[in-house]
Each structure stands twice: as structure tokens, then as C-alpha cells.
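Input: a single structure, listed below in C-alpha cells.
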Amino acid sequence: MKDFKIAPSILAADFARLGDEVKDVLDAGADIVHFDVMDNHYVPNLTIGPMVCKALRNYGITAPVDVHLMVEPVDDMIGMFADAGADYITFHPEASRHVDRSIQLIKQKGCKAGLVLNPATPIDSVRHVLPQLDMLLLMSVNPGFGGQKFIPYTLDKLREARRLIDEIEANSDASIRLEIDGGVTADNIYEIASAGADTFVAGSAIFGKEDYRTAIDNMRSELARV
Ligand SMILES: O=C(CO)[C@@H](O)[C@H](O)COP(=O)(O)O
């Protein structure tokens, strides 16, 4: 089986008990903590910042933290999240005036760098920087809110991204995770993985369930069929 990773989005967690929610979901078998940062500017919603990331580290969370910056501008937040314990930092190319520079900044801070493409943003717009990335995150909903429906045309984008990433990896020592975010459930994860994703962000389909272990196990059983 491929090296599939499940990354619960804490956007759907109970923020009043965030540390325990993250511990519970990791104990239930999650691989990565997906940390959604919204600024009410790049997206019409407001969430959490580096202090909360640091608080989770101080609470004993050692799993990889995948920080998805939905903020504009981007660069000021990079150092703060690196210092707060982020492993991956991903950002939207529309939100950075100098995309290549922001990628280098993330790497200089010792983190893994990723770009996030909104449903309508073509992969071609970032083709030249793909070999520098550790992660490409394709949004399968418009960013800003959890609990939306998966947009079906993003399956074609996944296939295109998978082809490009395979080509890059075959000709270099790059290793790029292909992450999908928005409307991922146990019912559609098989189709999404078959289209090429290897890392799955899921908020409501995990935190919205009574039993996190069953929710994650159901996704893994579907992934085992790919
Ligand atoms: O970044 C976002 C939304 O902007 C996502 O991470 C969502 O939070 C995923 O939530 P579900 O669609 O899985 O409920």
C-alpha cells in the first residue's frame, strides 16, 4: 500500500478542549495535525495563530503539524509558525508577492514548504516551483470554512498533479506529498486516492463523528483498496 497519511483538520475540533482533541485524534490513528490559519482577509473567517501551535507543542503534541496559511501577506507568519513548532508550512500563491522567496524563507526556517491551490487556480501557475516543494495541497472546496461538499472537478487536477509530481520525482531527489483538503469522507476517499492524493485532510468527517478511531479506520479500509 502507498504511504497514505490522514491529517485531521482541527478546524472541526472542539476549541475549548483543543489539546485533548488533538491527543485523542492522534491516539485514534491520525498521522498529521492539520492546522488551519485564517485571517479574515485572504479568507472570510478568523481562526488561530502561532501561540496556539506553540501551546499544542507545550501540551506534548509531537506529531507533525501541517500549518495551512490562509493569510495575506504570508512572510511575516512564516518565522512565527516555524518558532512555534510547525513542520510543514503551506501558503496560497495569490497571497505572496514573491512565491519563490516565501518558499525559500520556509526552508531557511527549517520547515517543509508547500503551496496550496484553490479549486480554480491552475497547477500550471506553479509548475516552475514544484520541484522545490515538499507538499502540494489542492483545495477541493473554496477555503474559509469546514463542512463543505467536495468539488468533483478537483479529481482531474489531482490526476494532473500526480503526473507532474511523478515526473519530477523520477528525475530528481524531490519527494512531494500530494495533499487534498475539503469535503473528504470515507465515502469518497477511495476515488480521491485513486486520482493520486497521498495525504488526506478531513475535518468534519473525523471530528464530527462520535468515535474518531472508527472514522479513521473506515478511511484506512477504503485506502487499502487502492
Ligand atoms: O482549509 C479548510 C477550509 O478552508 C479545510 O481544512 C476544512 O477545514 C476541511 O474541513 P472538512 O471539509 O473536512 O469539514
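Cβ coordinates are placed from backbone N, Cα and C, and glycine is handled just like the others.
Automatic, uncurated: that is what TrEMBL annotation is.
As recorded in TrEMBL, the features of this protein are as follows:
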type: BINDING; residues: S9, H68, G144, F145, G146, G147, D181, G182, G183, G203, S204; note: substrate binding site
type: BINDING; residues: H34, D36, H68, D181; note: divalent metal cation binding site
type: ACT_SITE; residues: D36; note: active site, proton acceptor
type: ACT_SITE; residues: D181; note: active site, proton donor
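Features as recorded by TrEMBL, highlighted on the structure.
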residue : record                             : DSSP (3 states)
S9      : substrate binding site             : strand
H34     : divalent metal cation binding site : strand
H68     : divalent metal cation binding site : strand
G144    : substrate binding site             : coil
D181    : substrate binding site             : strand
S204    : substrate binding site             : helix
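Across the structure, G144 (substrate binding site) and H68 (divalent metal cation binding site) are spaced 11 Å apart at their Cα atoms. For D181 (substrate binding site), the count of additional Cβ atoms within 10 Å of its Cβ stands at 27 [all protein chains shown]. In space, D36 is the closest of the binding-site residues H34, D36, H68 to G146 (substrate binding site), judged by Cα positions.
Cα spacing between S9 (substrate binding site) and H68 (divalent metal cation binding site): 10 Å, rounded to the nearest whole number. Each residue contributes its Cα atom, and for H34 (divalent metal cation binding site) and D181 (substrate binding site) those atoms are 10 Å apart.
The two recorded residues, D181 (substrate binding site) and H68 (divalent metal cation binding site), have Cα atoms 10 Å apart. Annotated pair G183 (substrate binding site) and H68 (divalent metal cation binding site), C-alpha to C-alpha distance, rounded: 16 Å.
Non-local contacts of S204 (substrate binding site) by the CB criterion (under 8 A, 6+ apart in sequence, same chain) comprise A12, G146, G147. Counting every protein chain shown, 24 other Cβ atoms lie within 10 Å of the Cβ of D36 (divalent metal cation binding site).
Taking a C-beta cut-off of under 8 Å and a sequence gap of six or more, H68 (divalent metal cation binding site) has these contacts in its own chain: H34, F35, D36, V37, T90, V116, L137, D181, V201.
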